[in-house]
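Here's what TrEMBL has on this protein:
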TRANSMEM  12-29  transmembrane segment
TRANSMEM  35-55  transmembrane segment
TRANSMEM  67-92  transmembrane segment
TRANSMEM  112-138  transmembrane segment
TRANSMEM  150-170  transmembrane segment
TRANSMEM  176-194  transmembrane segment
TRANSMEM  206-225  transmembrane segment
DOMAIN    465-548  domain 'Transglutaminase-like'
REGION    550-574  region 'Disordered'
TRANSMEM  624-645  transmembrane segment
REGION    756-809  region 'Disordered'
């Protein structure tokens, strides 16, 4: 069907394409987390794409000119917007602008997949949304303004591609994704119906009902579907693996030995008393504590590459501090404080990629820290809970990597020190207090009391069972973390810098005022310390410092032996809230395996499997069952209207509605005019469907007689008439090919068989007075009287011709 569009119609089509393209790209708003920069890239790219498509309507602008415009727009205008820092006066592109623009045309998509949102607008990441908006808007606009109506429908492919790509590059929650998705679908349906001339404005009510039902089914179906949204970023395996690095805790003793008095890190404007973490370890393999990821336990987070902005749920005091690394701190662990919300590298390291773990609030810099590295961190420092809040808090229930080869002394001493506590926070306090009070401090360096380095099972066992409980934070933190695990407390070991005094306690007096209004603190190798974090309900990860005071040094005049576990037991240990090894059998549908799990009953297992299979089928076949449901609703609605037309109103009205039912079915199959006399309609129907013309003409004459004769029509006559109508409708459907029959049954053209309001039958005198059957008042639902009815009206009246009455047989 070739219908050349006017300029106005082309403008309407391009406006609709541009609006739908913007809605598709809205999936990337929360990826960039900068609404204004997203607008600055998505809107111009879409507008230029549709404008270049419209330019193709001029015969002088061939496809080669359009491709030239697209190339200039992609590689000159796009980089100027996406890479403003490389331009001259933010307007004129430089060589760096052009080269980086070419690189990020393809690299921006990889960047969006590999970097955890929000990615910000650095590194030319806006080139992704620019490329999508420009090229797909051009393709959709080119098809939309085509002269061939059905070619315009191809515009739905680039639009759907934009929606799909942006959704895959987006986030799991999206930016108002339900509203944008429904609006996109409704606009696409309305525009295609208008472009293909399927839009019947007089049927707007039926269309509104169908759209409402479809939207309701879509929302209801999404409620049954899995809340997890497929995101490419979630399936991306970053090249960085925490298992590629040696234990950060193993290098602690070397920093103290080699750089005890050397300045390693300087921080300005850091709140007083704030610890700085280097690495967080939650996996003990028997030899060392090391980092883990989600492959070890479901509640462990991965290190993900992040942009200049980092999302966090932490609540507390906001800060912005500048970090400067000095000689001696050369490793991949990036020092950070609190929960970072943004990290910006300065100088030559501006584009250094780094990886951040949102659960541990620690970072890895693959290129490594080196002297002169400077960066600005914005973050949140969580409020420190009080001792009372900690003592009344319960342990959180999370999964962690299992600690391997734990010495027996750990469990024995943990139960003796804190086994009687029913609260996780109080148990952790008892463990820390016992180690601080019973232990002695020594780094084991020259002129120090002998203390071996390490924190594996052998060293921890020696600490707890040897003749002297002596060590530094490396040993005490490892011991407390393992003891906490034995009591069912989720624990991890943190390595970092502490602003401590001579006793090793955190102090606020370490910072000094700078020339301005800021503060500055320097950390040396002696400030590197290990501590323990326990996760408690409603408090999160809480820090504990089990290391004895650094001034508590063992000597011969004092007893330095570890405590006797028998003397520490003051009451029989009671079962903990969530013990690590709970001997209670799990009843019902257990997901556990081994001796602690009970086999589920066969009935429960069957219904559970049936429920899972049904839910999976509903999720993956949701487009199919939504379509089937809409089809069933349409068929039910049409059947209801036929039933009402057959039963409502007077017999005269029902006969007129019966003919309308035949005519409507013919119109829905296509090729039958909506108007015309019943005789002409009967002839067209008989010709199209290959059925007897005589039967159709007879039904048309009977409908004319019932409408214009003025004589009484009995219910039996209307019933017999409808029997004939149903028989012919069945014959009409059987004469169609199967696909056309299905399409006709689902067609909404004329789906509402209008039923005239019951009115008084015209008297014979009124009919004669009118002088013409065409002047008789007709409701909107009654067909125009046929020419035969006008010519033979008096013949009907004189001969008293009526439909066959079954009572006379």
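Cβ atoms are placed via backbone N, Cα and C, with glycine included.
Residues of the same chain lying 6 or more positions beyond the ends of the transmembrane segment (67-92) and with a Cβ under 8 Å from any Cβ of it are 40-41, 44-45, 48-49, 52, 55, 98, 100-102, 104-105, 108, 121, 124-127, 130-131, 134-135, 138.
Among residues of the same chain six or more beyond the transmembrane segment (112-138), those with a C-beta under 8 A of the stretch's C-beta atoms are 17-18, 21-22, 25, 28, 30-34, 37-38, 40-42, 45-46, 48-50, 52-53, 66, 70, 73-74, 78-79, 81-83, 100-101, 103-105, 158-159, 161-162, 165-166, 169, 171, 232-233, 236, 238, 304-311, 351, 356, 358. Taking the domain 'Transglutaminase-like' (465-548) as a whole, pLDDT averages 93 in the prediction. Across the domain 'Transglutaminase-like' (465-548), DSSP helix (H, G, I), strand (E, B) and coil residues number 18 helix, 33 strand, 33 coil.
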